Structures are given as structure tokens and as C-alpha cells.
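Here's the structure we're looking at; comments come further down.
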Amino acid sequence: MSLLLEPTPTMIKEEKLYREMGLTDEEFAMIEKILGRLPNYTETGIFSVMWSEHCSYKNSKPVLKKFPTEGKHVLQGPGEGAGIVDIGDGLAVAFKIESHNHPSAIEPYQGAATGVGGIIRDVFSMGARPIALLNSLRFGELTSPRVKYLFEHVVAGIAGYGNCVGIPTVGGEVQFDAAYEGNPLVNAMCVGIIRHEDIQRGIASGVGNTVMYVGAKTGRDGIHGATFASEELTEQSEAKRPAVQVGDPFMEKLLLEACLEVVKSDALVGIQDMGAAGLTSSSAEMASKGGFGIEMNLDLVPQREAGMTPYEMMLSESQERMLLVVKQGREQEIYELFAKYGLEAKAIGKVTDDKMLRLYFRGEVVAEIPVDALAKDAPVYHKPSKEPAYYREFQAMEPYVPAVSNYEETLLSLLAQPTIASKEWVYQQYDYMVRTNTVVAPGSDAAVLRIRGTNKALAMTTDCNSRYIYLDPETGGKIAVAEAARNIVCSGAKPLAITDCLNFGNPEKPEIFWQLEKAVDGMSEVCRVLGTPVISGNVSLYNETNGEAIYPTPVIGMVGLVEDIRHITTQAFQQAGDLIYVIGEAKQEFGGSELQKLLEGRIFGKAPEIDLATEAKRQQELLTAIQAGVVASAHDIAEGGFAVALAECVMSTNGLGAKVTVDGDITSQLFSETQSRFIVSVKKENQEKFEKLVEAKLIGEVTNDGTLLVERASGEVVIQLSVEQMRSVWKGAIPCLLKSKA
């Protein structure tokens, strides 16, 4: 659309064209008041993306304020590209998780690939070198042809981008549930390492300093991507395919290396990724944070398509682009630095003192907006909240008691459930060993990477059981953070902090907003108890298809520090003769469990309870024992209960088995999903030391016969399965479903 054909300010108002951009009547009236006039088409577009939920968090900000965001090791909390935590030796870890759900529903390969690209840029824009990627994925049931297509292409997109850019994808989770049929979730997390003195922030300051554009040229891809991410998916969404960006990982690799060199230069004032809302958000946010203004000449913006209008250039979400502020008079050295990597850096504007975003095009001012109105002073809404009827119904139900007659068959059926089954089909497509720092590869409780030049390592995981959160958002929110911490502790690391991706439905529905509020309440409480502040994150709302919301899914990304690489622990049993202990008692808790879904085809009732004092005590005891060198293996008991966790401990070995004794209600002992529990193996010579440190129950020992044997105290056999048989079911489930014709 040329400038001549753009609607006039009067047309925009009278024909309510702003509504098509996602602005409400009230918001348009606010814009008129801020500007003291009607906005033109470019200005309306700029306000619409900056005031979208995706950029402004206007519906979620009041809720996000509940999170604890500070701690003695936190160097950077929410509000920048990524959060940063001190890990000693002058080093820090930077990490963040983000969603790319809507684009992945429409164009799964590019949607997932550019999600990975964007999160990498967030981390290196802080000056950190990305060392690892993780992801958290949700799809509908794997029996549907459409879900198979989305699953295969999302995984290929993540692999294609991460492998080319040379950053290992080391962990994550994949779950399947009908609630995600039309709206998959693709959350990508990146972890980086940085020296304290190299930390950069996205700030524009210093009147007269140069605003510089670096990276790929601007095209028409991704226009209104931020607005697209702030509305529900409908039958019409397919037509929005042009709103999905296209990624170039080789350009990203060059940009990464060049930016990591430029952050060491004192010529750099600030740097930010052009992410959601592209040039608009990066310029407005940097100016607002610095307390300055920015003016740019859009004729100077590198373009790869002819005849682009200011509206298109400002709203494009073309990938692999960064905005820099450089000291006046030092531009040449920055040009030369980027040229060394075959990249063009281009001066497109300067920092001003009037706190305005002023855009020129063909000699005329085409937009003039106060930067604070776009960034920190964007409107904030306190949405009404209402407890859903389904929640009251579930709370009133009698506890669900499953009827299980054949324990062996039930265990094999659970191992074949796609959510529990081996994800090897996924991670074998990822290069998880590139850069050779990966110590614990995908498949254990958490991934572990050593930190070169030190004796330390980092453990990292993504976790969230969305079924529990659907049944009871507050309890489920607590469990999500606690489970992430369990996975970190089982790896021999102390949990440091979290990043979160809050994936929910439409916040304008009071029942959905209630889910968001309650989940955040639960998460916040556990973060305080465990001392893991929230240092970064992302909100993805409007995850609905034709009015049906996904399960509320606040994904937790957590990083922990292994003080000494000798403490690194995995879930795999180590040698025959080691003693097997269980930490924690099983109760009859099956609401939202894998067993309930397997037997009933749906979930209902109450989520498992969690006692935070018990949780913290058990985690601390286990970590102390691991650090004392008396634990051979550790695994948390999660989806599928004790039997599934025990099977995973033996399936991770070469030829080992286990013989354990259980008593009481066998179904609960084997399959209940009671929280705060672990399976631990200990060498016989460490038995006394271990039992002094940890309150645990001795239940059996590791064998060398390749069999999982579960007996009652009377000697009656409950389960006797060869590890090979279990492994073939567990490993074959996902490939088998993908091959089958629905």
C-alpha cells in the first residue's frame, strides 16, 4: 500500500479501522488525547503493536507484580532481553523463555525456527554467549494427522535453526493433550554465560549519539506479528500466514559473533533485538528506558523489498536484526567491526532530548509520538476474575479411585503414552553435543553443561504439568515450580532462579483471568520458599481456537548451579548391589494423573496436594547427600508415579534391573502422583551416611539381571518385566504413532 492509498486520520476514526489493528474505541480516544490530534495510519499501527498484550502486558502486568524478582545473586531481573544471575568467579548466567505459539500453529517449521532465533538474540543482546537451548512443546493427541504434521515440522524447525547456529538443544519437554489440538504451544528457552563486566542493556542515552541498524534487511514478513499473537486463532488465521517470519540461522550466527565482539567496545551505549514489533519496539523501549527520544530517517533503513511504506518498515518483524546506540564520532569502528563479519551496520537516526519518537520519510515527518506513551505508560487493565463452575465441581468430587487388575499391563500402557514415552525421536534430531560442554544429555531429569575454565556446571530444565493447573491453578502453579526444582536437585545442582512462559487463554474471559491469577499466586509462593526469584519471562495469552482455551500452561524454565562437577548425578542406576530408596509416602492421589487419563480418557477431580515445608526439606536433604558424595543416582517421581519413575531408572542403564518391595494399596504405591517424592540409589558402603542425612525408606536393590521385579512383602509378584520389553514399548511409542495412519 503506497502512502497515497493509506487511509486518512479521519477515515481511520470514522470507519473504526483501528479495530482491525486490535485497538479498542477507548484506546483510540486515549491516543487522540495523547497526541492532541488524530493519529495517521503509521502512528495508529505503532500504537496498536506497542499496546498489544504481546508488547505491553496490559492485561497481565498487575498479576506479574506478584512475582519475587530480587535476590542476592540477581544481577538483572525482568525488563531486559534476559535475566542474569551471578554464579561466582566473575561469571553469570543469562536466560529467558519465550513463546512462538501462534506462528507455529500456522506455519510450524518457520514459526518454531524463528522462535529459537528470537530467544537467542534476547540472550546475546545482553552480552552473553548462548550455550544451550531448551524447549517446552504441547500438541493435541498424536493420533490426529494435523497434530502429527505440526509436531514433525515444529521439531524440524527447532532442529534446523539450532543446529545451524551451532548452539546445542539439550533439554525440554513434550506433552500431548486434546486441549492443544488447534493451538500448539512452542516455548523456547536460551541459556548464556557472561562475564560481569560485559553485561549490556537495551538503553538509548546521550543526545546526538547514533542509532544504528545491523543485520538482515527489512521485508514485509511478520507485519503485525505482535497483534496476531494477541488474538485468538480462528478459521481465518490461516490467511495470516504472511504474518509468520522466515529465519536465516547463518545470518544469526554472524550477528551473534559480531554482537559479542561489539559489546566489548566502549563505543557501544545500548543494544536491543528487533523482536516483536521490530523497529518500533526496539527504538521506543530503548528511548523510554533511557529517558531520551529517538529520531530516525526511514529512507536509510536497509530494505529487501521495493516501495515499503513507513508503516510496513516500522511493523515488520523480519528476523536477525538488532538496533544499537553508538557514541557519536565512533561510528566508523563499529561499521568496520560488522563488515569483518560480512554484515552492514547503518546509521539511521540519533538520540534526542525531547522523549519523542520522530520518524522522517522522504523529507517529511510521518510519525511523532511520546516514547513513554508507547512503553512504560501503555494502558494497564485490571480484568474481572471469576472462579469457573468446573473448578467448584471438581473440588466437590470424591477422590477418584482407579480400578487396576493387571499391574504389568498398566505399566506398559503408561510407558506407551506419548507424554511419558521416550522423546528420543525428538532429541535425536537436535545436535546436543555441539561445543562439547554437554555432560548430561537429554533424557535425564535435567540437562547439565560444564562451565569451561571452572570446576562448575549448570543444570537446566523446563517443566509444567498443565493438567494439574487446569484442575487447580494455585496448587498446579506450586507443583510446576517445585517439580522444576526437583529436577535440578536430582542433577546435583542448587536451584538459582526461574524464567516463565505464561501460556493461557483469552484474559477477557473472567474464568481464564482467574486461572492466570491463581497460577501466579501458587508459583510466587514456591519461588519465595525455595529462594528462586523470577528473573525473566513472557506472557502468551489468547491461546484459543474457535473459543476453546488450552489448559493453563505456565511453563517454568529453571537453572541451577553444580558447585563441583563431581556432584553431577543422573536418574540411571549405576551398579548391581546398590540400595534403592524412596523419599516420600504415596497417597491415593489420581486427579489429573496419567493413569486417570489412560483409564477414563479425561481428567477430573482434585490435583495432588503439595506441602511446601516438606518439599523444601526433602530437596535440601537430597542435595546435601548428593554433595556429600553418598548418592549414586536420583530421579523425581512425576507423571505415571513410582512405577514409571522406577522403569526410567532401569531403562537408562545397560543391562541392569531392580528388585523392590511395596506394600499397602498397590495401585497408589505404583501409580499415584503424590508430590515431593524421589527414587534414589546408594552404594552399600554409603548406607549409614545416607540414612543420617536423608529421611528415606529402603525398598530394594539394583540387580544385574535386566528385569524389573516388584513384590509384596509376602513375596507375591506384582510386576515382573524385562527391561528390554519395557524399553521397546517406551522407545517405540512415538515413532509408531507417527507412522500409523489415523
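Here the Cβ of each residue, glycine as well, is placed from N, Cα and C on the backbone.
TYR57 is the residue from TYR57, TYR468, TYR470 that Swiss-Prot records in the ATP site together with LYS96, ASP500, GLY537. Take the substrate site that Swiss-Prot assigns to SER99, HIS100, ASN101, HIS102, ARG121, GLU317, SER318, GLN319, SER540: the candidate from GLN200, GLN245, GLN395, GLN619 listed for it is GLN245.
ASP273 (Mg(2+) 2 binding site) falls within a strand when secondary structure is assigned with DSSP. When the neighbouring Cβ atoms lying within 10 Å are counted for each of the recorded positions (HIS100, ARG121), the highest count belongs to HIS100. If you check the binding-site residues TYR57, ASP122, ASP273, ASN538 against SER99 (substrate binding site), the ones with a Cα inside 10 Å of its Cα are ASN538. Residues TYR57, LYS96, ASP500, GLY537 make up the record's ATP site, and a Cβ search at 8 Å around their centroid adds LEU64, PRO78, ILE97, GLU98, THR499, CYS501, LEU502, VAL534, SER536, ASN538, VAL539 from the same chain. The Cβ of ASP500 (ATP binding site) lies under 8 Å from the Cβ of ILE97, MET523, VAL534, GLY537, ASN538, PRO554, VAL555, ILE556, GLY557, each on the same chain and at least six residues away in sequence. Looking only at the recorded positions HIS54, TYR57, HIS100, ASP273, the one with its C-alpha closest to ARG121 (substrate binding site) is ASP273.
Each residue contributes its Cα atom, and for HIS100 (active site, proton acceptor) and HIS54 (active site) those atoms are 11 Å apart.
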